[in-house]
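Chemist: Please see the structure below; I have some questions.
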């Protein structure tokens, strides 16, 4: 008997409906649903052959079947009831076959088993794939059987009030084989997952990364069976049906950690802990729809925002951050640490001419954290804004925190030391992309924070300049994992990324100086 597929959209709490309808409006997901449920093995092979012959005339194409409960049937808009181009089978204990209220060609049966028996007996040569499309009771019945081969899950990245929920997917029976990048529509983030039934001989599969063993290829593949290929051996692969393999951008970060733990070079470091390191790495994150705040670990979002605004102000007083509950610079501003750096003359928590000072007053003579430096040095941030507006394709739009003459006076030399900006003027609206170079990259603690910080900076700069945000390209010099972080990171690698959130920035803010007190909202 042929395997069947489930297709469902659900919230983080597995909500799928409210009062017999979808609580959200997502036209892109409806298009994805239509594409999946109408594409057959025949149409896929026909498309391939027609691309070489230049013609599709005279080719007979089979149909897929969609099996649904009565409530799901009634929830369909009348203009698409029955769903066109598919055999519609309704499972109901109250409706009867031949019911005059049902359109011709719609089959009615009393159970899922009866639906599958009908398809196998009366439509075996006419139907290619079988999709169960809801509701909750039918999903549960399907999952209780051994017939499900593939699950297509759209994860809605935020909660909606629901009164109907789907059963939990048993990840011992189904393994994740495809996870798309995060999409967004009108402030709703979502992505597409594909699960495939675990077959005999698959062994102990997980739905995340693992650092055990070397059997799997590194490039584009997760160990323990999470691969970047299409999901189903029957019919079209997810990549040709709207799936993207392991396209979620967080997998770049997870793959790099996995690679460093398995193949990194052992190195000593100033902390004495020891690291595994890889030199010269890159990650790319789209800023067009969602915001790359990593989801497999908690990122201190308030700290990201407050520290960045602190940099933008040109501030070097660690007490001002601490007063806002952000104490990430406290240890490096302590009396003992400053003295260990030879900064005995610095007041405690005077961090010296670090990031923000270089951004706003590059080259100025640093005295202390209390001095007003207005008009002193080069205001790089203002110059970047001017260049983006006046000469967007200039290859010298650069913001640097690395000032060799001032390094000895800094509590810490800058890790994320330089950013270059480029405007793509071929798009409408124009798009701002940032390349950030980080000389020293702590993969466990620092890098998730740094990704969010420079993504936020790019969004802010784009808005100030009246253009859209394009990408963040993160270049890492020495990317390393501390030996004490390996255990927690291995736990993190086993997690499946969630949809990235959506960032809302106050649209009234049009000048970089106003970001000193700008509120931000992160929707997830």
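Glycine residues also receive a Cβ, built from the backbone N, Cα and C atoms like all the rest.
No curator has checked TrEMBL annotations; they are predicted automatically.
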Chemist: TrEMBL lists region 'Disordered' for one of the ranges 41-61, 62-82; which is that range?
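Modeler: Based on what TrEMBL states, region 'Disordered' spans 41-61.
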Chemist: Which stretch does TrEMBL mark as region 'Disordered', out of 174-197, 198-221, 222-245, 246-269?
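Modeler: In TrEMBL, residues 222-245 carry the label region 'Disordered'.
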Chemist: Sorted by position, what residues of the same chain at least six away from residue 415 (active site) have a C-beta under 8 A from it?
Modeler: 438, 439, 440, 441, 442, 446, 450
